[in-house]
Amino acid sequence: MAGSHPYFNQPDSTHPSPPSAPPSLRWYQRCQPSDATSGLLVALLGGGLPAGFVGPLSRMAYQASNLPSLELLIWRCLFHLPIALLLKLRGDPLLGTPDIRSRAFFCALLNILSIGCAYSAVQVVPAGNAATVRKGSSTVCSAVLTLCLESQGLSGYDWCGLLGCILGLIIIVGPGLWTLQEGTTGVYTALGYVEAFLGGLALSLRLLVYRSLHFPPCLPTVAFLSGLVGLLGSVPGLFVLQAPVLPSDLLSWSCVGAVGILALVSFTCVGYAVTKAHPALVCAVLHSEVVVALILQYYMLHETVAPSDIVAAGVVLGSIAIITAQNLSCERTGRVEE
């Protein structure tokens, strides 16, 4: 009998259990970022950081060639059209399947409205302030709309991070509100802040509508429709409301090209992130755009950055750290038997 063999009856001390895996390997196998964490990291690195360059570069193009906001929107939409080739190669319909086509068009329309408001706002208010108002309003609206429409709540740490982002918004925008008493300039400043707020509201609605689209080529379809809808709406408006202006120098052309590429990268990363994490958390992490915009506002546009702006940037970064730390989770691949 195998159980009576001397080999099996030896004391346990002479035959210890096999050595465990190296600690580093076990940690790597046991701890993996959750889907929410992966989405937030993509939103931070691929969505917020590239988007922080868009506002200052748009301002530079406007200052160099007086490039109207509608024309800048047209150039940006042109970068979305080549996605049609990808859809054709995959054999997917350009306008989406019939059951989701109306929602996909509505999502694209909201995206264009959000971009248009952002471009208009950045021409009359500082780039960092415009980005802060837009991202702050999108964060608040996303939290409220998701809670009301999807009944998807947030943890206490998440709410703490959201409130920190809103505090950063108030610190940045608060001093600028005093300019509303300076006649015509104050009126334009107020309109710029209103446009930035409406841009954030449209962004939050777009993210919620996008989350409701469930079909494989969702992201490239919405990206192509955004370019198509933007061109159909902007080209007639450009000739009616503004005079077309071609970029006059290499700097303007470089800014236009960089805006188109960076904006498309940001759009793609945000579209991926919002399917993995709560829309309000994605919008909060996108506040990293504000920090980048403030840095570029000082070094590239040579615009004054107030001490309150620096404090607000620190508050925003701290809030993003809280949200990210809360969503960092370790998924165990196995349990240790006692």
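Cβ atoms are placed via backbone N, Cα and C, with glycine included.
Now, the feature entries from Swiss-Prot:
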| type | residues | note |
| --- | --- | --- |
| DOMAIN | 49-174 | domain 'EamA 1' |
| DOMAIN | 272-325 | domain 'EamA 2' |
| REGION | 1-24 | region 'Disordered' |
| TRANSMEM | 37-57 | transmembrane segment |
| TRANSMEM | 67-87 | transmembrane segment |
| TRANSMEM | 105-125 | transmembrane segment |
| TRANSMEM | 160-180 | transmembrane segment |
| TRANSMEM | 185-205 | transmembrane segment |
| TRANSMEM | 221-241 | transmembrane segment |
| TRANSMEM | 250-270 | transmembrane segment |
| TRANSMEM | 281-301 | transmembrane segment |
| TRANSMEM | 305-325 | transmembrane segment |
*Over the span of the domain 'EamA 1' (49-174), count residues by DSSP class, listing helix, strand and coil in order.*
99 helix, 0 strand, 27 coil
*So, by DSSP, how many helix, strand and coil residues make up the domain 'EamA 2' (272-325)?*
40 helix, 0 strand, 14 coil
